[in-house]
Amino acid sequence: MTSTYFSSLLFHLRARPIVSLLACSSALGVGYYAPLYYTDYQRRRQLALNPTTFTPYTLIAKHPISATSSIFILRPPSSPLAASQLSDVWSSASSLWSVQAKQPQLQIGREYTPLPPSGVLNGRAPGYETPPNSHSDASADIHLLIRKEANGEMTTYLHSLPPAADVSLRGPYQDVRIPSHVDEVLVLAGGTGISPAMQVAHILSQRRDARITILWANRRREECVGAPIAKAASGGMLDKLWSSKTSAVKKEEVKPEEKGLVVQILEEMQTRVATGALRVEYFVDEEDTFIKHSHVRSILAAAAKPVEGAVQTPSSGRPGAKLILVSGPQGFIDYWAGRKRLEGGQEKQGPIGGALGEMDLHGWKVWKL
């Protein structure tokens, strides 16, 4: 009953990065922000999260990942359905999903992709106690990885908030659906583009014999402290797109004795799946390691190999669908998959270009996030 009800909250939404809430409020029911209508009004009011109205979540903590990015721990108001709603969304989701945060003064909103459930983050709030008016059930918390962008009105606002501040959220909004027959995914992730990659890994962890490879590129080592970095190699044109104006970090400046939270979450996720089902490789610009074309080609070529330890079934020989997702800053996406295009005022995928457009993608579908 509850799973069916909560799954109905997920609907197709291709979100723009920033949206004026004043502009779209008069057009609800049309276009990108068209919510579903519900007959069970009283039940919907008991939900912590819904796509039609904003709910004031409490900022429990901000865990710094680097000088510019943090993981925000957001807790809903006390509700008998808060934890079960979020649990059902995670357990039943076959799509990437996001929530929209609001900047109340400017009346603008932006969508963010929550990180999947993790024991690494639940209950972590060093130096800060739960507000007296907040319940203590961390299982209803939403975790968002947010980078403070230069001249970014929304991210500047969020990063300026103190603990116990309210953050207005609504959702969930469905983005890219991962069909049930997809059993192989490659994600090229840049920076905070790791969040959708982790959601995909969570979805595939619930499918037998599915596997995912994540190639995660960052400008600075501090984004992935403690992670094993891929062998240094020349990145060609990608060097220029991801090059840092600062010199490489000296070894003594890196403190690998404590791994970054995102790295910890990824490693925790790896322990919950079969060996080889979730592979993560890290690349750091300032250490001169880049994702190479040859590296991607080798992954595509090896896709037919079975997962070590996977359970063989009569249907395991049936070829499944293969998907490449490209997630990150605009320049990163353009380089690997080509630029998206606007049609009728809406953002479309456009043709596959960039580095992937020059590769043999037989059997693979590409999606730009």
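Cβ from N, Cα, C; glycine included.
Now, the feature entries from TrEMBL:
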- LEU145, MET154: FAD binding site (BINDING)
- 52-179: domain 'FAD-binding FR-type' (DOMAIN)
- 18-38: transmembrane segment (TRANSMEM)
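Using a 10 Å Cβ-Cβ cutoff, MET154 (FAD binding site) registers 21 neighbours. Secondary structure counts, DSSP: the domain 'FAD-binding FR-type' (52-179) has 22 helix, 50 strand, 56 coil.
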